Amino acid sequence: MPSENSNRTSLTLEDKIKAVTICQQGKSFAAIGRELNRSKSPGRPRISTAKDDRNLFSLVKKNRTEPSHVLANQWKLSNGKTASSSLVWKRLLANKLEWKVAVKKPRLSTKHIKDRKTFCKMAKSWPLSKWRQVLFSDEINIEVDNRKNRICIRRTTAEKYNQDFIIKRTKQGSGSIGKWC
């Protein structure tokens, strides 16, 4: 017949001395348990090393649009360790690589960029009387086919407007109507 205490772990001599010392200080049994468990690390051991994590970040930087489950498979092929997509996601979040929707900006040629900078430098020095002569208008663009194609990218907050992570759009396209007034 098995003993009732078979699932208990045995204490080392060092742990017993700690327990007696804590008990002599007048602390409760709960405090003794907390003090003895403090030395042991809770939870499962890490599945990956720091080198494996760096390998994961290099995989992400090769293609920022890969979802977590694809990255988990690529990571498994590179280091031989099986990891879930949620673990990959958590490791990337810990290094501030978030899964965000890519910013959409109009496609500008180098001439457009140069002209915009020239205008901004010129308008910066305008007096208030000149600004009162400017007529501001409003416009709306209505998508007829209402497609919502979103492309997500893994990036940090600081990389939001980096040219590599912006989706360039053209104003001319099918399925939209522009209204200006």
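Going from the start of the chain as shown, residues are counted 1 onward.
Quick reminder: no glycine exception, Cβ is built from N, Cα and C everywhere.
Under the heading domain 'HTH psq-type', TrEMBL lists 7-37.
Residues annotated as domain 'Transposase Tc1-like' in TrEMBL: 53-121. Across the domain 'Transposase Tc1-like' (53-121), the DSSP tally of helix, strand and coil residues reads 44 helix, 8 strand, 17 coil.
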Per-region confidence, the domain 'HTH psq-type' (7-37) (mean pLDDT, whole number): 74
